[in-house]
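What follows is one structure encoded as structure tokens, with my remarks underneath.
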């Protein structure tokens, strides 16, 4: 019975993960083919209904119905992420979108941390219908704001003037598109590494506390600490990143996170060292997940589909990170957790180095050296 329940729980998260990937790509495609305001309004309504239906689907006792509900939940939720990122990048050119995306990322973390506390303070904890109804009702203010706002449109490609001055316009356009998609794939891989590292730390911190720190009671504190530092790091980035060339800032923060993790490795059995490492990781590494889309926005005027590919990289990382680290921890022990996250940031740092060497025809860095 216990094993069957565990497998059914696995199916729920698997359904949500598949729905997230599908919804991310669907949202990006809809951004390009239909009015984003209409699509986003429908998606917000669908999200509220899918959230509201979760306790009723659970009451049926049918795991397939609940899995389908979680698939829909992941689909519309991730589609909303695609809409939000596309709308932000189209409304704020170049590096101007960076503070906006960082604020959105911090607000998401703050909401995730605040809702359980609100439910507990209002004595709603455990009352599924009330909790899910409240979450569904939270969609009304953003829906009203969206309906009252002006819909963004994708800007004209920044490279069109260059293309028109070329003798062979078709060849120039083909070259520009290839460069854009190379940048998109590189950003998606970076997003995979950063999101995977975040999810691995959050998902496996309980086992890490029990086996490496030998104190399971500190796990909730460490999870809250990491979530809080990720949120504060994103809010901080919304203030300071506007004063720096983002390409240089991103490389510095990846190096800073990697250095902190390497300093942590000899002291992984120390609770104090773990607290310092996780706080440092969140403050320095939390904003990195939004840098990928911002860097692409500095390089070109990305389509909804291109931005969705980057978000899909994050979706895969969030799902694969805990799975990969979990297997390694089973085979090599809890020390595999900081080691794997360190390797992820080392790979990202090497990737940034390779991208800095690659040059566009006019000698500019592939993803842009500074804000435009």
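Note that Cβ sites are derived from N, Cα and C of the backbone, with glycine treated the same way.
Not measured: the values here are computed from a predicted model.
Among the features that TrEMBL reports, transmembrane segment is placed at 12-30 (among others). When Cβ-Cβ distances below 8 Å are used as the criterion, the transmembrane segment (12-30) is approached by residues 36, 39, 43, 63, 66-68, 70-83, 86, 303-309, 311-312, 315-316, 319 of the same chain, each at least six residues removed from its ends.
The transmembrane segment annotation in TrEMBL covers 36-58 (among others).
Counting residues 6+ beyond its ends, the transmembrane segment (70-93) has Cβ neighbours under 8 Å at 12-13, 15-28, 30-31, 36, 39-40, 43-44, 46-47, 50-51, 54, 100-101, 104, 152-155, 293, 296-297, 301-302, 304, 307-308, 311, 315, 372 in the same chain. Residues or ranges marked as transmembrane segment by TrEMBL: 70-93 (among others).
The annotation transmembrane segment is assigned in TrEMBL to 99-119 (among others).
What TrEMBL records for 181-206 (among others) is transmembrane segment.
Feature annotation from TrEMBL assigns transmembrane segment to 218-237 (among others).
Positions annotated as transmembrane segment by TrEMBL: 244-265 (among others).
Under 8 Å from some Cβ of the transmembrane segment (271-296) lie the Cβ atoms of residues 85, 89, 95, 97-98, 101-102, 104-105, 109, 183-184, 187-188, 190-191, 194-195, 197-198, 201, 213, 215, 218, 222, 225-234, 236-237, 241, 246-247, 249-250, 253-254, 256-257, 260-261, 263-264, 302, 306-307, 310-311, 313-314, 338, 341, 345, 367-368, all in the same chain and six or more residues away from its ends. Annotated transmembrane segment per TrEMBL: 271-296 (among others), in sequence order.
The annotation transmembrane segment is assigned in TrEMBL to 308-330 (among others).
The transmembrane segment annotation in TrEMBL covers 336-357 (among others). Counting same-chain residues at least six beyond the ends of the transmembrane segment (336-357), those with a Cβ under 8 angstroms from any Cβ of the stretch are 186, 189-190, 193-194, 196-197, 200-201, 204, 208, 212, 247, 250-251, 254-255, 257-258, 261-262, 264-265, 268, 277, 281, 285, 324-325, 328-329, 365-367.
Distant neighbours of the transmembrane segment (181-206): 216, 219, 222-223, 226-227, 230, 278, 281, 285-286, 288-289, 292-293, 295-296, 299-300, 302, 306, 309-322, 324-326, 329, 337, 340-341, 344-345, 347-348, 351, 355, 366-367; these residues of the same chain sit at least 6 beyond its ends, with a Cβ under 8 Å from one of its Cβ atoms.
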